[in-house]
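Novice: Submitted below is the structure of interest, expressed as structure tokens.
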Amino acid sequence: MSEQSLREEVLTARRIVVKVGSSSLTTAAGGLDADRVDALVDAIAKVRSQPDAPEVVLVSSGAIAAGLAPLGLERRPPDLARQQAAASVGQGLLVARYTASFARYGIRVGQVLLTAEDASRRAHYRNAYRTLDQLLAMGAMPVVNENDTVATAEIKFGDNDRLAALVAHLVRADLLILLSDVDGLYDGDPARPGTSRIAEVRGRQDLEGIEIGSAGKAGVGTGGMVTKVEAARIATGAGIPVVLTAASQAADALAGRPTGTLFLRTGSRTADRLLWLAHASSPRGALHLDAGAVQAVVSGGASLLPAGVTKVDGDFAAGDPVDLLGENGHIVARGLVNFDARELPRLLGRSTRDLAQEFGAAYEREVVHRDDLVVLRG
């Protein structure tokens with residue numbers, strides 16, 4: 001595909017996900033910067049007002065950062081409890097600011113808070129998609145954030161860059177725009193003389209030898225350049241091009257004008273929920289597989305049956321994500337398990353037919369169904 005054709009993909013995007021980081025929305029003291037919020041809203045509202053305008057979903061960090069000053073905190077606290085307290089205060093302030101700013105253009109804001117668990121469970125995933133799709137259909141502005149007040153350390157996305165990549169896939173976006181306080185990816189620390197911005201990344205090979213640091217302001221967010229590049233890898237691998245640029249250049253990015261760094265798509269779309277299972281879920285345990293089961297799952301596209309499981313690690317409930325390990329202990333897949341950790345050991349190595357005869361028809365089922373399984377390594 002020619003460079004012109006690749007740029008056309010950006011220009012003709014019909015559904016765009018925009019992610020903005022905490023440092024692009026807050027003051028040095030940690031509070032919300034109304035002027036910065038308004039500038040971002042101005043750019044989004046302008047593109048929405050054009051004929052045949054694209055739909056836009058906003059993934060916004062800033063809840064924890066916005067809650068710091070009101071709670072007398074100078075920096076982002078290291079412990080989860082105080083982070084959640086700050087998010088509880090800050091999320092209301094953040095959405096209120098967006099609501100007031102978008103109201104200048106007659107645009108309603110719809111708040112959508114997600115956890116990793118919402119993403120990996122089938123019913124939750126469908127409901128999240130339907131909600132976002134309906135908000136767009138009704139002309140509202142979806143503002144998405146991680147639900148920091150209820151997410152545990154084990155199930156947090158960890159950063160909103162990765163969340164944005166997964167939301168882009170969830171809503172079947174044509175483009176992901178990552179906004180930061182840095183105007184793109186550089187071939188070194190942008191604060192050092194002699195470094196230059198990389199205009200285009202066509203694949204992993206273009207990043208070999210590049211020093212990817214944590215450029216950006218510290219103290220208010222969890223992301224850095226590493227998380228942005230990882231988010232770009234997730235999105236482009238799922239067939240979605242990514243533009244990484246400064247929040248001050250949001251209007252250019254939304255208009256399709258060359259700005260920042262363009263990451264070209266490297267793959268095609270996969271089954272929606274499987275991308276979330278691979279990148280958003282945190283395993284609650286692990287199942288050790290024999291060689292035959294590894295072959296069946298990885299190469300044969302089969303479900304995992306009790307006969308192929310040799311050992312169970314962890315304390316998990318039915319429906320939780322678990323890693324599937326080969327005989328060498330390496331992760332080969334991840335899936336949603338159909339039995340809890342206390343029940344599964346007595347089923348190991350046995351056929352589903354024998355289990356059904358002994359325990360009833362309910363036991364004639366897979367340990368992990370292939371529709372709830374994603375291969376991570378060949």
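Just so it is clear, glycine is given a Cβ too, placed from its N, Cα and C backbone atoms.
As annotated in TrEMBL:
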BINDING   K19, S180, D181, T222, G223, G224, M225, V226, T227, K228  ATP binding site
BINDING   S61, D148, N160  substrate binding site
DOMAIN    285-368  domain 'PUA'
Novice: Which one is it: of the binding-site residues S61, N160, T227, which Cβ has the fewest other Cβ atoms within 10 Å in this structure?
Specialist: T227
Novice: Among the binding-site residues K19, D181, M225, whose Cβ has the fewest other Cβ atoms within 10 Å?
Specialist: D181
Novice: For S61 (substrate binding site), which of the listed binding-site residues (K19, D181, M225, T227) have their CA atom within 10 A of its CA?
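Specialist: Within 10 Å Cα-Cα: K19.
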Novice: Calculate the per-residue pLDDT averaged over the domain 'PUA' (285-368) and state the result as an integer.
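Specialist: A mean pLDDT of 94 is what the model gives the domain 'PUA' (285-368).
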Novice: Cα distance, N160 (substrate binding site) to D181 (ATP binding site), nearest Å?
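Specialist: Roughly 15 Å, rounded to the nearest whole number.
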Novice: Which ones are near N160 (substrate binding site): of the binding-site residues K19, M225, T227, which have a Cα within 10 Å?
Specialist: K19, T227
Novice: Using DSSP, would you call T227 (ATP binding site) helix, strand or coil?
Specialist: helix
Novice: Please report the DSSP secondary structure of D181 (ATP binding site), reduced to three states.
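Specialist: Its secondary structure by DSSP: coil.
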Novice: Through the lens of DSSP with three states only, how would you label N160 (substrate binding site)?
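Specialist: Its secondary structure by DSSP: helix.
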